[in-house]
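Copied over from Swiss-Prot:
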- 27, 101, 130, 177, 357, 399: phosphoenolpyruvate binding site (BINDING)
- 27, 28, 32, 175, 177, 326, 353: 3-phosphoshikimate binding site (BINDING)
- 326: active site, proton acceptor (ACT_SITE)
């Protein structure tokens, strides 16, 4: 990995955390609001959109194809003027997805059915190493043509728009990105499409596509069969993006671990396909209350109040993984402070995220004195050993950066963190919020 261009951030150990915090808008919902707004008729307004690097990459790609999207800044109401279901133009440049796997995978589905138009997608060095065939192969069953390095597995990727046919497609993994790419492609196919997942994954696309007017039905065991009939035009909507539970997870674990902590995380999305982290924290004995439950724009929302107390070790595997895949790094930190052995399995997907998150978390936490081992698809953590301050490195991964920040609060001495600015990918104000909540 290359060295940091910025100075390492100092992370002071000790103290406690008190107060209320509102985490940025949900990243998954932010991407989808921009994408669906761009292919709808009329104007879509988005409240609470995550003003971070990944959704900004999605917006830039859509602007390059003719959608009008107002500038994205913190607190802004975003306006998207859609071009209609088949109005995206062939861009005169390569579409740069930055560091965003969601942008690239959803774009593959969005663009596959743009008959007669040609698109090239690329990204940063990390994204160009992430597997894309898991989207390209199922799309090929609809007639899509995606080419790239490694037989279409790695960007840069070329998409030659085709007239797609409807089909029944089984996805190789329970992945909301794969499913959403197929649903986007199905909107302009000739004939209906049914996507069958091996296990349920987050369902933000289904909820939002229905709200925009798509002819979409969900059925089968545990809602694993999603069917789309093409032809229904999407209409611009007002979308309210709830806070991202994946960002809230850092405060939930910090509040449960740091002695004397008392935190309220406000306006958090509580979609049941995303709340696996709450189930695991409950299993650990964390003191978390859900307050002010409500529904906002078709998504369940609430405020989460957490106070500190002793935690028990945990064990979870592939059955819950789609509901908490992004929270594995911070739960690994939590396990370090539980007396006993915790087991994470079924998490091989984390080896192909922005980094190999299993390897990076093991490497960095061992630097602090943690006792943990990697397995091919997970981690075994023997908790209860005190962690020491250390020279740490996010290795460019936003979730690693924030997880290590929480670990450093509980270390016996101060730490430093290289490439701490990685947090901005999903949580630009994280470091400011941490400073404000510390007492």
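The backbone N, Cα and C atoms fix where each Cβ goes, and this holds for glycine too.
Recorded features from Swiss-Prot, shown on the structure.
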residue: 27; record: phosphoenolpyruvate binding site; DSSP (3 states): helix
residue: 32; record: 3-phosphoshikimate binding site; DSSP (3 states): helix
residue: 101; record: phosphoenolpyruvate binding site; DSSP (3 states): helix
residue: 130; record: phosphoenolpyruvate binding site; DSSP (3 states): coil
residue: 175; record: 3-phosphoshikimate binding site; DSSP (3 states): coil
residue: 326; record: 3-phosphoshikimate binding site; DSSP (3 states): helix
residue: 353; record: 3-phosphoshikimate binding site; DSSP (3 states): coil
residue: 399; record: phosphoenolpyruvate binding site; DSSP (3 states): helix
Legend entry - Whole-number Å value for how far residue 399 (phosphoenolpyruvate binding site) lies from residue 353 (3-phosphoshikimate binding site) (Cα to Cα): 10
Legend entry - Cα-Cα distance linking residue 177 (phosphoenolpyruvate binding site) and residue 32 (3-phosphoshikimate binding site), given in Å to the nearest integer: 10
Legend entry - Rounded to the nearest Å - Cα separation of residue 130 (phosphoenolpyruvate binding site) and residue 326 (3-phosphoshikimate binding site): 16
Inset, instruction - Sequence order is fine: just name those binding-site residues in 101, 177, 357, 399 with a Cα within 10 angstroms of residue 28 (3-phosphoshikimate binding site). - result: 177
Inset, instruction - Determine the most Cβ-crowded residue among the binding-site residues 28, 175, 177, using a 10 Å radius around each Cβ and all protein chains in the structure. - result: 28
Legend entry - Residues near residue 326 (3-phosphoshikimate binding site) in space but at least six apart in sequence (CB under 8 A): 246, 249, 399
Legend entry - Length of the line joining the Cα atoms of residue 175 (3-phosphoshikimate binding site) and residue 101 (phosphoenolpyruvate binding site), in Å: 12
Legend entry - Diameter of the phosphoenolpyruvate binding set by C-alpha atoms, the set being 27, 101, 130, 177, 357, 399, in angstrom: 19
Inset, instruction - Return the residues near residue 357 (phosphoenolpyruvate binding site), defined as same-chain residues 6+ apart in sequence whose C-beta is under 8 angstroms from its C-beta, sorted by sequence, else 'none'. - result: 328, 329, 350, 351, 397, 399, 400
Inset, instruction - Would you find the one among the binding-site residues 27, 130 whose Cβ has the most company, meaning other Cβ atoms within 10 Å? - result: 27
Legend entry - Cβ packing number for residue 399 (phosphoenolpyruvate binding site), 10 Å threshold: 29
